[in-house]
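Asker: Would you mind keeping the following structure in view while I ask a few things?
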Amino acid sequence: MEDHHFSPGDSDISQPLLSSTPHHRIPHGGFLTLHADGHSYTYAYGPGGIRGLLHNYYALGCAVFASIGGLTFGYDQGVIANVLVMKDFTQRWPIGPWEKGVMTAALELGSLFGALAAGVLADRQSRRFTIALACAVFCLGSALQCGATSLNQLTWGRAVGGIGVGALSMLSPLYMAEISPPEVRGSLMALEQFSIVLGAVLGFWVGFFTRNVDGSNSWRIPLGIQLGPGLLLAFGCVFLPPSPRLLVKRGRNEQALRSLAKLRLRSTEESARDPLIQIELLEMQAEALLVAQTSGTDPKAGGIRAEARSWAQLFSPKFISRTSIGIMMMFFQQWSGINALLYYGPTLMHSIGLQGDAVTLMVSGGIGIVQFLAVLPAIVYIDRVGRKPLLRGGSTVMALAHFCISILVWRSEDDWASHSFAAWTSVGCVYLFTAAYGISYGPIGWVLPSEVFPLSVRSKGVSLSTASNWFNNFLIGLITPVLMETSAPGTFLVFATACFLGYLWSTYYVPETANVSLEEMDAVFGSSAGREDQELKNQIEQELGLHELVRQWTGYDEN
Ligand SMILES: O[C@H]1[C@H](O)[C@@H](O)[C@H](O)[C@@H](O)[C@H]1O
């Protein structure tokens, strides 16, 4: 191996490869070319961004496809706002606020259940099979809604569809995290939020344009259209490469290598020589062995007790800080008040004198578009800037925007007509809030929970975090009207406070996870992972030859 050497490629690399143990990654790299056996391999490490995404175009394609799961979720959100006010719909079923609430809650409760159930299935079956199953359930729910002949059927259709939506909302980020190269993992996973908000924009406009179609087609068409992405994902996911991490967990290392090679754009022969692929695979194996040796259970064993034990593990001292990050991330995402604005927005706009289409356009349409625009820079910068600064900056602006709205509503709510400046400033603040949310808590809510957990508890951890999203979403829907009736300025103050607490939480509690591989996350949570585990992991890595490989390829001695 003496004549193997590495040299920086077309890059601005200032640090040597594998220099920052335990992170075998370049923290602020660029592109790197490694020469071996007369071949040269180019790697994108470090800042990621657009170049990193293009460089990893196959993983990008897979992530885009998997994120269709998020599309189903957003689409429903966009479409239902229109459906509920369509002429045929309201004449056929003149429902009051209570039934509207039940219809919304049916989807959210179904999703809560779906997210939890998928956490169990995703480990027993493959990630892809579970995605296909979730799509089938989603399609059944959509068909029930589209062909509804009674309000009951529609509500049941939403509950069933919700199970699929909830399951997909945890499965897509989970799968994306497991196939992503570390340097673009944030960008790839932010695609989940991209799809959610794209779905919301599409759903909104489809509903907006079909609302004047004659008869029940006005709402059957937009509800039926959701079958399209559901079926596409169900059949298409057969072609997605399997999660290499799950394969390693099951001891199928050869298949894992094949899948990893495909994801990193190497042929099978190349991957056998390619040191970085070997290193990535060995890191996965080391983690799987560590899990097997420390949990004392057969990872393949089933049974209710084993299942209960692995859920309970999430709350053990070892993992509790990660579990709390997942749950609190979604808590703060929802308590930022994004959905309250979507629900309360129309009332706010009405109160400043806007009526009819203008209101729906400005709220559902406007908020959707702002969220959509804001997620674009997040996709590009989330790995370069890091999660923490985005969360901190986002919560600061969000808190200030809510605070301003609160003051303005407090001073003008009795007479908006003569406070038109205050009214329009509040609308501006709503959009400012949405932009700050859309670049921070929106996407990071779907990124952070899926990357902090180790393989042994990852699916359950993501499942629980996603359930926290749905539960808090449900809670906000339930209490916002009551809060608003009690005090509108007070409601905004509650959200301002939640955003401020989110600022403290992200500043003092959340570790930076950008550019860290999933296997190296233990080091980020060092204090809770335990010294013994670190030593054992070290030993396993030695035995697997990982350290030797690192030394050979870099001339870098870790010890
Ligand atoms: O990330 C999404 C998105 O921002 C949606 O607009 C919101 O309704 C969801 O609750 C949230 O999880």
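The backbone N, Cα and C atoms fix where each Cβ goes, and this holds for glycine too.
Sharing the features that TrEMBL gives for it:
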- 62-514: domain 'Major facilitator superfamily (MFS) profile' (DOMAIN)
- 57-75: transmembrane segment (TRANSMEM)
- 102-122: transmembrane segment (TRANSMEM)
- 129-150: transmembrane segment (TRANSMEM)
- 156-176: transmembrane segment (TRANSMEM)
- 188-209: transmembrane segment (TRANSMEM)
- 221-240: transmembrane segment (TRANSMEM)
- 319-338: transmembrane segment (TRANSMEM)
- 358-382: transmembrane segment (TRANSMEM)
- 389-409: transmembrane segment (TRANSMEM)
- 421-441: transmembrane segment (TRANSMEM)
- 462-484: transmembrane segment (TRANSMEM)
- 490-511: transmembrane segment (TRANSMEM)
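Looking at the shown structure, what environment does each listed feature sit in?
Answerer: The list of residues near the transmembrane segment (57-75) in space but at least 6 beyond its ends in sequence, with Cβ under 8 angstroms from a Cβ of it, reads 111, 131, 134, 138, 164-165, 168-169, 171-172, 175-176, 179-181, 184, 188-189, 191-203, 225-226, 229-230, 232-233, 236-237, 240-241, 262-265, 446.
Same-chain neighbours of the transmembrane segment (102-122): 73, 76, 80, 84, 95, 130, 133-134, 137, 141, 154-156, 158-171, 174, 307, 459-460, 462-464, 466-467, 469-471, 473-474, 477-478, counting only residues six or more beyond its ends whose CB sits under 8 Å from a CB of the stretch.
Sequence-distant contacts of the transmembrane segment (156-176) (same chain, at least 6 residues past either end, Cβ-Cβ under 8 Å): 62-63, 66-70, 72-73, 76, 103, 106-119, 121-122, 127-128, 130-131, 133-146, 148, 185, 188-189, 191-192, 195, 226, 230, 233, 240, 243, 446-447, 449-450, 458-459, 462-463, 465-467, 469-470.
For the transmembrane segment (188-209), same-chain residues at least 6 beyond its ends with a Cβ under 8 Å from one of its own Cβ atoms are 53, 56, 59-60, 63-64, 67-83, 86, 172-173, 176-177, 180, 219, 221-222, 225, 360-361, 364-365, 368-369, 371-372, 375-376, 378-379, 382, 438, 442-447, 450-451.
Packing against the transmembrane segment (221-240) from elsewhere in the chain are residues 62, 65-66, 68-69, 71-72, 75-76, 79, 82-83, 128, 131-132, 135-136, 138-139, 142-143, 145-146, 161, 164, 168, 175, 203, 206-207, 210, 213: each is 6 or more residues past its ends and has a CB under 8 Å from a CB in it.
A Cβ distance under 8 Å defines the sequence-distant neighbours of the transmembrane segment (389-409), meaning residues of its chain 6+ beyond its ends; these are 332, 336-337, 348, 378, 381-382, 419, 422-423, 425-426, 429-430, 432-433, 435-437, 439-441, 444, 488-493, 495-497, 499-500, 502-503, 506-507, 510.
Beyond its flanks by at least six residues, the transmembrane segment (421-441) meets 193, 197, 332-333, 336-338, 341, 345, 348-349, 351-353, 362, 366-367, 370-375, 377-378, 390-391, 393-395, 397-398, 401-402, 404-405, 408-409, 411-412, 502 of its own chain at Cβ-Cβ distances under 8 Å.
Within the chain, the transmembrane segment (462-484) has long-range Cβ neighbours (under 8 A, six or more residues past its boundaries) at 97, 101, 104-105, 108-109, 111-112, 115-116, 118-120, 122, 166, 169-170, 173-174, 177, 314, 323, 326-331, 333-335, 337, 339-340, 343-344, 347, 445, 449-450, 453, 490-491, 494.
Within the chain carrying the transmembrane segment (490-511), a Cβ under 8 angstroms from the stretch's Cβ atoms is held by residues 325, 328, 332, 335-337, 340, 344, 387-388, 391-392, 395-396, 398-400, 402-403, 405-406, 409, 441, 448, 480, 483-484, 524-525, all 6 or more beyond its ends.
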Asker: Mind checking which residues reach the transmembrane segment (129-150)? Cβ under 8 Å, same chain, six or more beyond either end.
Answerer: 66, 69, 72, 110, 114, 118, 121-122, 156-165, 167-168, 171-172, 175, 220, 223-224, 226-227, 230-231, 233-234, 237-238
